[in-house]
Amino acid sequence: MKHLLTLMEFAPHEVEYLLRVSREFKTRFLAGEIYTPLFPGRVLILYFEKHSTRTRLSLTSAAAQLGIQAVYTTPNELQIARGETVADTMRVISRYAAAVAARVYKHETLEEMARHSAIPVINALSDKHHPLQALADALTLWERAGRLHNVKIAFVGDVSNNVATSLAIIGAKLGWEVRLVGPKQLWNQRLVDELAEDAAKTGARIYFTDSINEVAGVDGVYTDVWVSMGFEKEAEERRRLLKPYQVNQRVMEIAGKKAVFLHCLPAHRGEEVTDDVIDGPQSAVWDQAENRMHTAKAVLAYLLK
């Protein structure tokens, strides 16, 4: 059974295939083409422990375009809130649906779901990984930079979070140079070590740096919120630590005119990014958000084929 828990388990050619299918789906969508639903009568369960805008709506829209009915639920609506096990819950869901997309606090919950599932489990965000976001990031950079490989991207800010991790993974699969720009306290050198094998095969370069000047010459500058869901107690400390890594006009000037600005959203305007950047001519965040839908279609089609 093939799941999408992280992109680590996907070979470089599989990642590239997903992106090419995503681009084809987008081309057909923008042309207004109405095509025969690929999976009529199938059901996708959206099991979400956390709030969501883009992930929930992109998956729901993607499913509808493929002929799949998306059913949204939360733990509080299920017997799991009263003590039913994850294992038993997944055994039941497997009888009703063709796939389940889960947005969870702990990545271990996803792993347990997959162990007891007879259907594909899709990571719709966990504390460690956000593979659906990374696929949309890659599609956006491909569109803007004009190439799928040999892309240079700088992730600025909380380089330890799930979005940065998944960006590094997909970069290793596609032969990118991924510069993780942030304070040394947040570096995860083990991630670089884990990606070394893929990087050696694809020619990728993944590294950490605390110098904001490392954004120079990149194809994209990427940031995310400084206080992710679940880290509210550390809010003030994180803001103090990450303040030097705000993406503002000065940072974009260092990056250069060809660099696009990326953000997975929602943005805390005035914190990790200034209004003039996210609303400026180099911003690609709305294309990036749209691409969540097209890459979700590719993932669903690949896992359900």
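Quick reminder: no glycine exception, Cβ is built from N, Cα and C everywhere.
In Swiss-Prot this protein carries:
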type	residues	note
BINDING	SER52, THR53, ARG54, THR55, GLN79, ARG103, HIS130, PRO131, LEU132, GLN133, CYS264, LEU265, ARG292	carbamoyl phosphate binding site
BINDING	ASN162, ASP224, SER228, MET229	L-ornithine binding site
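Overlay of Swiss-Prot annotations on the structure.
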residue	record	Cβ within 10 Å
SER52	carbamoyl phosphate binding site	17
ARG54	carbamoyl phosphate binding site	20
GLN79	carbamoyl phosphate binding site	12
HIS130	carbamoyl phosphate binding site	27
LEU132	carbamoyl phosphate binding site	26
ASN162	L-ornithine binding site	23
ASP224	L-ornithine binding site	26
SER228	L-ornithine binding site	17
CYS264	carbamoyl phosphate binding site	27
ARG292	carbamoyl phosphate binding site	25
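The binding-site residues shown are ASN162, ASP224, SER228; of these, the one with its CA atom nearest the CA of CYS264 (carbamoyl phosphate binding site) is ASP224. Spanning the residues SER52, THR53, ARG54, THR55, GLN79, ARG103, HIS130, PRO131, LEU132, GLN133, CYS264, LEU265, ARG292 that the record associates with binding carbamoyl phosphate, the maximal Cα-Cα distance equals 32 Å. Secondary structure at ARG54 (carbamoyl phosphate binding site), taken from DSSP and collapsed to helix, strand or coil, is helix. The separation of ASP224 (L-ornithine binding site) from SER52 (carbamoyl phosphate binding site), Cα to Cα, is 15 Å. Spatially, by CA atoms, the binding-site residues ASN162, ASP224, SER228 include one closest to LEU132 (carbamoyl phosphate binding site), and that is ASN162.
Nearest in space to SER228 (L-ornithine binding site), taking C-alpha to C-alpha distance over the binding-site residues ARG54, GLN79, HIS130, ARG292, is HIS130. Rounded to a whole number, the C-alpha distance linking ARG54 (carbamoyl phosphate binding site) with ASP224 (L-ornithine binding site) is 14 angstrom. Distance between Cα atoms for HIS130 (carbamoyl phosphate binding site) and ASN162 (L-ornithine binding site): 6 Å, as a whole number. Rounded to a whole number, the C-alpha distance linking ARG292 (carbamoyl phosphate binding site) with ASN162 (L-ornithine binding site) is 16 angstrom.
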